[in-house]
Each structure stands twice: as C-alpha cells, then as structure tokens.
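Below is one structure, written out as structure tokens; comments come after it.
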Amino acid sequence: MDKEISQSNRDVDGNNEPGDWVDWNGLGDPANPLNWPISRKWVTITLVSVNTFNVSIAASIFAPGIPQVLRDFHSTNSELSAFMVSVYIVGFVIGPLVFSPTSEIYGRLPITHASNICFVIATVLCAVSVNMTMLIVFRLLMGLSGCVPVTLGGGIIADLMPVEKRGTSLTIWAIGPLLAGIATIACWFFMEETYSPTILQQKADKLRKESGRNLKTKFDKGLTVGQLISTSIARPSKMLIQSPIVLILSLYLAVVYSYLYLLLTTFPKIFEDLYGFNSGEAGLVYLGLGVGFCIGQFSVGPVSDWYIKRQRELHGSTQPEDRLPPLILGSFLVPIGLFWYGWSANAQSHWIVPIIGTTFLALGMECMFLPIQIYLIDTFTIYAASAIAANTVVRSLFGAVIPLAGNALYMQLGLGWGNSLLAFIAIAFVPFSIFLVKFGARIRMSPRFQVKL
C-alpha cells in the first residue's frame with residue numbers, strides 16, 4: 001500500500017503542511033488508461049464510436065421522412081419541418097454545458113450510462129407521439145441526452161491514447177460501426193472508466209478506508225463539491241471567452257455545421273420539386289454527403305497521425321498546431337462544394353451533378369471537423385471534454401437556428417445565389433485558417449490568453 005501513497009511537503013490543497021497523496025505507481029502503472037492493453041483501449045473506443053454513430057444518425061435520418069410526418073399531422077408549415085430536425089440540435093446546445101464538466105467531476109462512465117438510458121426512452125417516446133408538439137419535445141430530449149457521446153468521445157480518446165495515435169482513434173470514433181442498436185446494452189457490460197482523476201479518486205477512497213489516513217489525489221484542489229461543480233460548469237465558457245483560438249475555431253466550425261443542417265432540411269423539398277423525386281428517392285440524395293464524409297474520415301485522421309510522427313522525427317517534438325494544416329484544404333473545399341451544388345441545381349443539371357458537389361462539401365467539412373477536434377484534445381488534454389463542449393455548444397446553436405432560414409433563403413435568392421452567399425461567408429474564414437496554422441502556437445502560448453482552468 002505504501003508504494004501507492006506518496007509523502008509530499010506541498011499539500012494539494014495549497015497548504016504548507018505535509019500530506020499524503022495518491023498517484024500512479026510509476027509511469028507504467030497498468031491502472032492508468034494510457035497504459036491499458038491496446039485491445040482494452042479499442043473496446044472502449046469502439047463502444048463510444050457505436051454510441052456516437054447512434055446519436056449522430058438520429059439527428060439527420062429523420063429529414064427524409066419530414067414530408068410524410070407533415071402529412072400525418074396535417075401540417076404545411078415549412079419552417080416547422082426544418083425545426084423538427086434542428087430541435088434535436090438544441091439539446092446539443094444545452095447538454096454539453098452540464099454533462100462535460102460533470103464528467104470531469106464524477107467520471108465518464110456514469111454520465112454515459114445515464115445518457116444512454118435517457119436516449120432510448122426519448123426515442124421510444126418519439127415513435128409513439130400522437131401530435132407535433134409531443135414529437136418536438138421528445139426530439140429535444142433525444143438531443144439533450146444524445147449529446148453525451150459526441151461531447152465526451154474526444155475526452156475519452158485523450159484519456160486513452162498518446163498524441164501520435166489520436167488522429168486514427170478519432171477517425172474510428174467519428175465513423176461508428178453499424179451496430180448502433182446494441183450500444184446501450186454493450187456499454188453496460190464492457191465500457192470502463194477512462195478519466196484519470198476519477199480512477200485515482202476511487203483508488204484514494206479505497207486506500208483511505210484501508211489505512212485510515214487522509215489521502216488525496218494529485219488532482220485534488222481542496223474544493224467543496226459545490227465549488228467543484230461551479231468551477232467545472234464555468235470552464236467551457238471561460239475557454240470561449242478567454243481563448244481566442246477556441247472562439248475562432250468554434251465559430252468557424254459552427255458556420256460550416258449550420259450549412260450541413262441547412263442542406264439536410266432542404267434536400268427533400270429541392271429534389272422533389274426540381275427532379276420529381278419521391279420520398280424514398282430523396283433519401284438517396286444524402287449519399288453524396290456520406291461519400292465525402294467517409295473519404296475524409298478514412299484519410300484525415302491517419303494522415304494527421306503520420307504528420308505528427310514525421311514532425312517528431314524531424315524536430316524531436318510536436319505542438320497542437322501541427323494538427324491544423326488540413327483545415328486550410330477544408331476551407332477551400334467547402335465554398336467549392338457550395339458553388340457546385342447551388343449553381344448545378346439552379347440550372348437543373350442531371351441530378352448526380354449537384355450530389356457530386358455535396359461530396360466536395362462534406363469532404364471539406366471533415367477536413368475541418370477532425371483537425372479542430374484533435375487540436376482541442378491535444379491542447380487541453382485532461383480538460384478536453386470541456387473544450388469540446390464549448391465547441392459543441394457554439395456549433396449546435398448555429399446548427400439549430402440557421403437551417404430555419406433555409407427555405408426563405410432559397411425562395412429569395414434561388415439555389416444559385418443562395419448557396420453562393422453561404423460560400424462567400426465561408427471564403428471570409430479562409431484567412432483565419434491560414435493565420436492559425438502559422439501563428440496559432442504564438443497566440444496559444446501568450447500570457448494574455450492563458451486560461452486558468
């Protein structure tokens with residue numbers, strides 16, 4: 001037991017009295033998630049990936065069925081049709097502010113279990129809804145509980161994987177296997193706690209009972225539960241306010257994310273009106289986005305990891321900004337895809353032409369999403385969940401609100417100029433991506449922008 005308890009003249013509370021504190025048993029401690037066997041790590045990542053796929057597809061899979069839902073509930077409100085999709089994202093605005101900080105107090109596992117149960121219940125209630133109000137309320141609850149795997153996934157990967165392997169791991173997390181239906185049950189039996197402070201706290205609690213000594217972990221700041229909760233909940237907001245890089249990246253991703261949901265909510269009407277697709281055929285329109293996302297997911301993460309290893313071989317070290325170069329490529333692909341999709345659909349070219357445009361758009365989005373997520377993980381490590389929560393809140397707010405204006409935008413400007421307007425806004429962000437790649441490290445390390453977490 002004594003090997004697990006260290007004597008320290010600097011008490012973690014900040015007092016000057018000597019105290020006992022609990023840490024890992026050396027760098028190779030098998031209890032440390034970073035030292036788990038690779039198979040054990042991948043079981044956890046796969047389960048989180050399954051959950052992420054489950055809640056992500058729930059956001060968009062509803063879109064092709066909107067016309068049928070409107071007919072069933074005798075509604076012709078086009079804004080309401082968009083809101084039925086985006087209300088799910090409203091839950092992603094609220095949930096991360098609570099669940100991510102809470103996971104940094106109580107651990108990832110209990111939050112994941114609770115969210116899985118709530119998500120299943122809310123999904124069933126959506127299925128049995130008898131009117132539009134019920135459906136919208138339960139869609140909101142689905143989003144509120146479904147935000148957890150999306151928000152905590154990056155934090156769990158930071159818990160498990162060293163820097164040079166996080167890109168590939170994040171790719172697997174983002175893909176999600178097609179076994180989403182068994183995710184909740186599998187997590188109960190096979191998922192483990194990965195958050196180091198929680199594991200060490202459990203270890204300290206056990207040793208405290210065995211030894212009768214007032215043991216603490218190296219992460220213990222001597223705060224009361226109330227102070228700990230308030231500090232943790234405020235952390236994502238502090239990151240947004242005090243770190244210009246977090247703010248810029250969150251706004252950039254929010255704009256692109258809102259474009260995705262604007263397209264998801266307008267695809268059915270556009271392809272049914274312009275090309276005479278029925279509801280089943282309109283669902284196939286999303287394949288263009290799917291192909292683009294798949295190409296991005298299978299390439300960006302592994303290439304990013306390769307680049308990190310290369311930088312380490314050449315320079316002996318790496319920095320989080322080494323994850324950002326794909327952001328520049330994505331910043332050009334997004335407006336290219338928007339121009340392509342908008343003007344080809346406006347000219348009523350063959351239906352495959354605008355769909356190909358959405359492939360470039362999705363590839364560009366993935367070239368932005370993955371590098372930004374990995375950058376936040378590498379920068380904030382133990383507080384990665386809070387950083388991703390800050391990012392998720394901003395992008396979800398945009399994703400919930402802006403699609404509501406999609407039909408009005410296309411009615412006023414048409415598909416060509418409507419999508420061109422979106423492309424011009426995306427082009428305005430191109431200099432920011434180049435600037436962050438070149439000068440991001442200097443800004444991040446500046447004393448002016450250090451965030452006290």
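Cβ coordinates are placed from backbone N, Cα and C, and glycine is handled just like the others.
For 1-13, the entry in TrEMBL reads compositional bias 'Basic and acidic residues'.
Annotation source TrEMBL lists domain 'Major facilitator superfamily (MFS) profile' at 44-444. Restricting the average to the domain 'Major facilitator superfamily (MFS) profile' (44-444) gives a pLDDT of 83.
According to TrEMBL, the region 'Disordered' annotation covers 1-22.
Marked as transmembrane segment by TrEMBL: 80-99 (among others).
Look at TrEMBL and you will find 111-130 (among others) tagged as transmembrane segment.
The transmembrane segment annotation in TrEMBL covers 137-158 (among others).
The annotation transmembrane segment is assigned in TrEMBL to 170-191 (among others).
Taking Cβ pairs closer than 8 Å, the transmembrane segment (245-264) reaches residues 59-60, 63, 85-86, 89, 239, 286, 289, 334, 338, 341, 358, 361-362, 364-365, 368-369, 372, 375-376, 387, 390-391, 394-403, 405-406, 409, 422, 425-426, 429, 432-433, 436, 440, 443-444, 449 in its own chain, all 6 or more past its ends. Taken from TrEMBL, the feature transmembrane segment covers 245-264 (among others).
According to TrEMBL, the transmembrane segment annotation covers 284-303 (among others).
Taken from TrEMBL, the feature transmembrane segment applies to 324-343 (among others). Long-range contacts of the transmembrane segment (324-343) within its own chain (CB-CB distance under 8 A, at least 6 residues past either end) are made by residues 256, 259, 263, 292, 300, 303-304, 307, 353-354, 356-368, 370-372, 375, 415-420, 422-424, 426-427, 429-430, 433-434, 436-437, 440.
According to TrEMBL, the transmembrane segment annotation covers 349-370 (among others).
Here the transmembrane segment (382-405) has long-range neighbours at 79, 82-83, 85-87, 89-93, 96-97, 99-101, 103-104, 108, 147, 150-155, 158, 196-197, 232, 235-237, 239-240, 246, 249-251, 253-255, 257-262, 264-266, 372-373, 376, 453, meaning same-chain residues at least 6 beyond its ends whose C-beta is under 8 angstroms from one of its own. The feature transmembrane segment is assigned by TrEMBL to 382-405 (among others).
Summarising the annotation, TrEMBL assigns transmembrane segment to 417-437 (among others). Long-range contacts of the transmembrane segment (417-437) within the same chain: residues 245, 248-249, 252, 255-256, 259, 262, 321, 324-325, 327-328, 330-332, 334-336, 338-339, 341-343, 368, 409-410, 443, each at least 6 residues beyond the stretch ends and with a Cβ under 8 Å from a Cβ of the stretch.
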